[in-house]
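> My questions will all concern the structure given below.
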């Protein structure tokens, strides 16, 4: 994609060296990069050290050689020093705790970009709301990046697009220019609510698609789940003030299709294992690093609870989300969940 490369004079901080944070650090450099470089914060010092010495993040994005211009650190003060743009790539349920620890390290006037897709348990806040609540920044300083963005594919420079949502168009355009490359195309949007809701809910629907595949159901079932899942997402989004066009775009349908159909999707993969009869706690034990591995988060497992609670507070019906929640947290079998969904009273589409 041809375009003008706009270089930022100050460094960009990417807080979170998981697969997505690492992939976006690479995108920033490939797009022309800030003159001061990209600083990638890793929670674990050994991960930061390996990135700096090998130019690879073997723990979370194996097989990808990171370009010069990315420097990793385990010191949040080091990462945030002088950064006018901060990409927040920590898990949704840890966003608040991390922001509280980082305290006054964020520069005044900095643009804060949420990469996390979740609703906070308890408060039922979206991530942009959590960021404003903890930091006290103007909501116009907060942007959300979301779309059909599987980190492993983007790290391989496969063509992809995303949405940058912010109420401040100037900030959105600045981020768009900063991230535009020959393989990564951002679109701007002012609908922060819709962009976030699409990103959160698609993880829950992807769990359902995985469950169906694990049981042995085919493409008709998958298409039904995706389509009816989209109906749930639109109902909740509209209740919260989202625009239907956002949910019909990259941050809605696009993200939903990618996550529900890709073998690289953590949420779909976990759902598939549940459909094959594996036990939730055993699966999570192998994913969270407690078995000695590097560990990663499957947001949909938590999101199904917070999304369901949020929907209930707005009197929005979400039967698929409810079924996923029952399987993940109430011990319902996938087969019984499917039977309950199919046994619901008939209605018009």
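From the backbone N, Cα and C atoms, a Cβ is placed for every residue, glycine too.
I grabbed these lines from Swiss-Prot:
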- 202: active site, proton acceptor (ACT_SITE)
- 20, 43, 44, 117, 151, 266, 297, 299: NADPH binding site (BINDING)
- 117, 147, 202, 255, 265, 266, 267: sn-glycerol 3-phosphate binding site (BINDING)
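How about a rundown of where these features are and what they're close to?
When secondary structure is read from DSSP and collapsed to three states, residue 202 (active site, proton acceptor) falls in the helix class.
Taken residue by residue with DSSP, residue 151 (NADPH binding site) is part of a helix.
For residue 202 (active site, proton acceptor), the same-chain residues 6+ apart in sequence whose C-beta sits under 8 angstroms from its C-beta are 117, 229, 233, 252, 255, 256, 259, 260.
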> Please work out the number of neighbouring Cβ atoms within 10 Å of the Cβ of residue 265 (sn-glycerol 3-phosphate binding site), leaving out its own Cβ.
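Total other Cβ atoms inside 10 Å, all chains included: 23.
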> C-alpha of residue 147 (sn-glycerol 3-phosphate binding site) to C-alpha of residue 299 (NADPH binding site): distance in Å?
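Computed Cα spacing between residue 147 (sn-glycerol 3-phosphate binding site) and residue 299 (NADPH binding site) is 15 Å.
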> Got a sec? Which of these binding-site residues, 255, 299, has the most Cβ atoms within 10 Å?
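Per the Cβ count within 10 Å, the most buried is 255.
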> When you measure from the Cβ of residue 266 (NADPH binding site), which residues in the chain that are at least 6 apart have a Cβ under 8 Å away?
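For residue 266 (NADPH binding site), the qualifying residues are 287, 296, 297, 298.
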> Neighbour count, 10 Å Cβ-Cβ cut-off, for residue 43 (NADPH binding site): what number do you get?
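Around residue 43 (NADPH binding site), other Cβ atoms within 10 Å: 15.
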> Which has the fewest other Cβ atoms within 10 Å: 44, 117, the binding-site residues listed?
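Comparing Cβ neighbours within 10 Å for the binding-site residues 44, 117, 44 has the fewest.
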